[in-house]
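Participant: Input: one structure, supplied below.
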């Protein structure tokens, strides 16, 4: 039955995606934000959708994602995920902080995801 085949393909694709995500989030110093954004499909989201994601990541509602919030980035996607290492957090922050203020605003986040 064609629908069953399509469903199986979707299931296999989902499992493959989750396996890749597991690999991305499990090993220390292995996090690559560009690969992560691609694998979870963030790079194909609209600006409005990215603004909503930003709102989730901005835990203290300051209008910015600060270093301590960035460190826990993966846990917003999976409660059992590890925290980013200091090196990963600093690299992620440096990539997103285009104005050098030490934090990532919504426009910077959208640009980072789309980069």
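Note that Cβ sites are derived from N, Cα and C of the backbone, with glycine treated the same way.
Okay, these came from TrEMBL:
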type    : residues                              : note
BINDING : 58, 60, 62, 64, 69, 99, 101, 103, 108 : Ca(2+) 1 binding site
BINDING : 97                                    : Ca(2+) 2 binding site
DOMAIN  : 45-80                                 : domain 'EF-hand'
DOMAIN  : 84-115                                : domain 'EF-hand'
Participant: Could you tell me the mean pLDDT over the domain 'EF-hand' (45-80), as a whole number?
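Facilitator: Within the domain 'EF-hand' (45-80), the model's average pLDDT equals 89.
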Participant: Same chain, outside the domain 'EF-hand' (45-80) by at least 6, Cβ under 8 Å from its Cβ: which residues?
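Facilitator: For the domain 'EF-hand' (45-80), the nonlocal Cβ contacts are 21, 25, 31, 86, 89-90, 92-93, 96, 102-106, 109-110, 113.
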Participant: Select one residue from 69, 101: among these binding-site residues, choose the one with the most other Cβ atoms within 10 Å of its Cβ.
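Facilitator: Buried the deepest by this measure is 69.
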Participant: Between residue 62 (Ca(2+) 1 binding site) and residue 97 (Ca(2+) 2 binding site), find the distance joining the two CA atoms and give it rounded to the nearest Å.
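Facilitator: Cα-Cα, rounded: 15 Å.
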Participant: Using C-alpha atoms only, work out the spacing between residue 97 (Ca(2+) 2 binding site) and residue 108 (Ca(2+) 1 binding site) and round it to an integer in Å.
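Facilitator: Just about 7 Å between their Cα atoms.
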Participant: Around the C-beta of residue 62 (Ca(2+) 1 binding site), how many further C-beta atoms are within 10 angstroms, looking at every protein chain?
Facilitator: 11
